[in-house]
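Down below is the structure, laid out as structure tokens.
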Amino acid sequence: MGVSEPPGMNAPAHHHQHQHPHPHPHHHLQTMGQLHQAMANMAHPHSLSAHGGMACVSDVESDPRELEAFAERFKQRRIKLGVTQADVGSALANLKIPGVGSLSQSTICRFESLTLSHNNMIALKPVLQAWLEEAEAAHREKSSKPDPFSGGERKRKRTSIAAPEKRSLEAYFAIQPRPSSEKIAAIAEKLDLKKNVVRVWFCNQRQKQKRMKYSAVH
DNA sequence: ATGCATGAGTG
DNA sequence: ACTCATGCATA
């Protein structure tokens, strides 16, 4: 696993982070810069109050501030170990935690930048924390272990919605975030896009609104 | 880092 | 048909 992470610099604008699953014609510096928002949430807890029985199935009690702090620490320590987001994702499978397999670079990235839903963050935290501990322990032992991994193949194409169309969609979304199937069809025709593309766009837009960073009062 | 997409689960 | 967690492909 000793994939290296080039000491990246941050460019405030846009940068790429490439964790090459396989050799590529061009290289990028891996960098990451995330603005930190200072959020002052109050979400306050603990009222140990007594509520009758205890039949609850989920009492996720983790404040946003705690998560934010963890994500930040996680990222720094991960980089310190010289491990990429993609490496973390695949290494998770080696932890053999029941019901936990590997994750993609995307998901690790989103965890670090808090662009996942609150529940998703809560669910992933213990797993990533476990990985981090293992990784740091192994690092101390420094028992070098090579890991020959090979790449994959290229497949799918990604449709891209042009800026003008995107602006229209945003306008529609503003007035109606959940258009009916027929409304979607109408929009699709006006913008000359496939109906399914429009439908998925709305779904993703809604999901975006629910991400930690933008959803919680900030 | 992020846009568009899939699939499981729910109603 | 939607939500939610997640990922491939790409900027």
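Any Cβ shown, glycine's included, is placed from N, Cα and C.
Values in this document were obtained by computation on a predicted structure and should not be read as measured data.
Helix, strand and coil content of the DNA-binding region (A:154-213), in residues and according to DSSP, is 41 helix, 0 strand, 19 coil. Under the heading DNA-binding region, TrEMBL lists A:154-213.
Positions annotated as compositional bias 'Basic residues' by TrEMBL: A:13-29.
The domain 'POU-specific' feature in TrEMBL is assigned to A:59-136. Each residue of the domain 'POU-specific' (A:59-136) gets a DSSP state, and the totals for helix, strand and coil are 55 helix, 0 strand, 23 coil.
Among the features that TrEMBL reports, domain 'Homeobox' is placed at A:152-212.
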